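Working notes for the structure below.
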């Protein structure tokens, strides 16, 4: 008689399991009338976000006055916001239009890869932009050297490539898990926590990888941003002109609001090593950093800027 060890029995059981071939994105399961209204709202926000960021990229590329490090990073951020909102919004809109949306396993993992990559890139870009403002305000004499084109290009490339590398590792870990049912994701896009909740295998290692990467990316870049804006605040307090202090504080405060909203929502979800149960709250928070921040960032960072206003008026032939 042959005896199987518990480990071998577990392995045989997992081998015989039917792997999930597709997931169901639950989205926002509300009444049809409410879904129709939400569809119109989110579609309008999506189109407005694309329009805002396209306009900013066009203005930065077509006017030499904006060929500066600050606007170089803003152009990268606008490009990222367009990709970012386009990675999640289509499944949200389809779910509102048709109800629960069926998505194949490969498509789900592809969406997860781009989403994680873009959110990591955004964190690094926000930190780079905060550092740029720190150098401009606190070390103005060294600004041409510290923020020369090669440095700016290196920061931007490291942001994009770093996001791709981190996302490739996290997506590979999550895709290698076994999903044997149920296959309903209580979310409007393929996200880390809902997928971990559906896995029928041990996810401790994957959760650890997710937690460590979240701590390094989110907390590391957040500390850089906070340190930069803190130094800027101290430098502003030493300014002799009250008008200059008010202007600088207004700009920094608006930047900090965007950074605070983005990081608060993201850190709540992604810096927790255990599986998250309050998925309805997660959906609301996900809307904040996947829909609201891409819409607000161009307004806060760029469209309130006097140089951008001047270029925009020149482009539109306004008096």
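Note: Cβ is positioned from N, Cα and C throughout, glycine not excepted.
Bear in mind that TrEMBL entries carry predicted annotations, made automatically and left uncurated.
Listed ranges 37-61, 287-311; the one TrEMBL annotates as transmembrane segment is 37-61. Here the transmembrane segment (211-237) touches the transmembrane segment (103-131). Their Cβ atoms form 3 or more pairs under 8 Å, with each pair 6 or more residues apart. Beyond its flanks by at least six residues, the transmembrane segment (103-131) meets 19-25, 70, 73-74, 76-77, 80-81, 83-84, 87-88, 91, 155-156, 158-160, 162-164, 166-168, 170-171, 174-175, 179, 189-192, 195, 213, 217-218, 220-222, 224-225, 228-229, 255, 259, 262-263, 266, 289, 301 of its own chain at Cβ-Cβ distances under 8 Å.
For the transmembrane segment (151-169), the partner stretch with the most Cβ pairs below 8 Å, chosen from 37-61, 73-97, 249-270, is 73-97.
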